[in-house]
């Protein structure tokens, strides 16, 4: 018997279709023959998902790999830089041209092959992009080319070592880097250790001023502009700001103003690796004179000079170069994270503002047309609402038409890829709808808050159904969207094999459209289909007496709650084992468990070594070894400082409660544990009410709706969870998303 089976989902990318990542053959020397048409831009899956969900992304250039240093040091540094970005909670996007395809986010084998290619790869600036792409060549991108491709993908922050600039003697040679011109017309923040010190820093700053490029140094007022190898040059920085957050505010203002210029963010070289400015100047002058004598010009000057400095400094310049690149990546990640928060909270900022290859100014009405978090909603939106007594439970999320196909016979692998006899059923569903319906059937005053599209057939059916039902609801109509739909394929026992969900419309529901519906609620439940910004607004805007319940819905959608957990805590989460694993790993990778406040909170729970001895007794008494074998308890303890109550749905094995609150109605028995710090752990086995399983879809939703309704009516925790499991079991035995008979459990 399987009580809990959350529905799968199809993630709908906001990246323009032509820019989605194409399948690549693991051999980078072969053309991609799997694609029907050639796309100039390929985003990795990791970068695509990050951009779609407003996870901070940091672009990284690749000339440092192809032309910056020899193999294998170049590959080692590239891996270190990406690891640094990830450790700071951002997603790295190394950019390069592979077989002519502009690739945003390299796989490990691609990074390795590029590092091995070295200077046989092209050094690609703006002028080289079309040639290298058309000839299907490999290339490392300079600052200019990386900016262009980052902007096309919608990446706002780019970390590098140092930018190009005005070469010494440029009054005669006219040797001025394209990086400076690009900064004047491509809106990407370039985080670097200033300008490469082999260049003319003073004239470079003058050109940047002419191009209208803001130049800001991370540091106190009137900071010196850094000189790459040296922490300070003899030139004062045009602007100075003391924290990454202040710099992010500046970048966000640049976006709001609709400017298309980039920003140069200068990061002073760390003290421990900085080289004395005067000593480095003398060494550079010697090397420059030698380059003139040898006739080295153009784009060959910089790599030659860096090689000479490495030799003359006996390796110190390389060590400094590596340290400053890692330092820049760290600071860029912090800035990107702060900028992502600002974008998430903004009332008009879209999730992805990439422009394709054209870097034309983005019209302001494009921004304002986006449904926002707390901003003013469009007056063109039609809102249909039922009115009744104030709702104690409000469920925010999807309402859909669910199609369930149950196979007549067992499925074997040799019969995949063909049709099978089955029985089909259609019903109205959606996670929030099912939770609301279950809550209403259990006697709680409940309201569903959702939206429907105007361009799909199911819309009229959904509206008609809700109008005739007794379920209170607020439905927002959105033009040019399709309503939610869900299709599940179950095996002959009713267990889910595969499902597809089209819930894209829910990403466009805004807080301003529904905030009045939340005022009277004791419990606000939302599913994983709504946007991270709406989750954040609901959580941060609720009153102190209101409780928030998050139903993850699926593994990928579980990660939407990270934006909330970075700034606030939530009251309840109801993951299954897979969703718990996904959330734990993401928080671990995002360094949620590294700050001092987390340690202090965890220590206050009193989870000592003696308590772990109690866990062994607890495991034996419950007979559920997976609680410890799969690390479920340990993962929940890690999450507890962020989430007050965690109910892990164990499918046929029942449910597990972990709470940091003093709960009502939790009786002590052999299946319960209590720490000195008021942490409660209790296992709830499955009630013996299940006959023949028919349909697992909706069982988890029924559990949560019933559980929340009973809490709102003052039930204790034990009774609420036991009854919710019985309700889920009744739904398992029918073809409805919620079995109407669950109301008999109140008798």
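Each residue, glycine too, has its Cβ placed from N, Cα and C.
Here Swiss-Prot flags 1-379 as region 'Pseudouridine-5'-phosphate glycosidase'. Per Swiss-Prot, active site, proton donor is recorded for 61. Swiss-Prot lists 123, 143, 177, 178, 179 with the feature substrate binding site, giving similarity to another entry as the kind of evidence. Summarising the annotation, Swiss-Prot assigns Mn(2+) binding site to 175 and lists similarity to another entry as the type of evidence. Per Swiss-Prot, active site, nucleophile is recorded for 196. Summarising the annotation, Swiss-Prot assigns region 'Pseudouridine kinase' to 380-747.
In the set 123, 175, 177, 178, 179, 196, none of the recorded positions has a C-alpha within 10 Å of the C-alpha of residue 61 (active site, proton donor).
Fewest other C-beta atoms within 10 angstroms, among the recorded positions 61, 175, 179, are seen around 175.
Put plainly, the recorded positions 123, 196 were compared by Cβ crowding within 10 Å, and the winner is 196. Geometry remark: residue 179 (substrate binding site) versus residue 196 (active site, nucleophile), CA distance 12 Å.
Of the listed binding-site residues, namely 143, 178, the sparsest CB environment within 10 A is found at 178. Summary of the substrate site environment: with the site residues 123, 143, 177, 178, 179 set aside, the chain residues having Cβ atoms within 8 Å of the Cβ mean position are 125, 142, 144, 145, 163, 164, 182. Taken over all pairs of the listed substrate-binding residues (123, 143, 177, 178, 179), the Cα spread reaches a maximum of 13 Å, rounded to the nearest whole number. Cα to Cα, the residue listed as 'active site, nucleophile' and residue 177 (substrate binding site) are separated by 11 Å. Secondary structure at residue 177 (substrate binding site), taken from DSSP and collapsed to helix, strand or coil, is coil. Contacts of residue 177 (substrate binding site) defined by a Cβ separation under 8 A and a same-chain sequence distance of 6+ are given as 143, 144, 163, 164, 165, 166, 167, 199, in order along the sequence.
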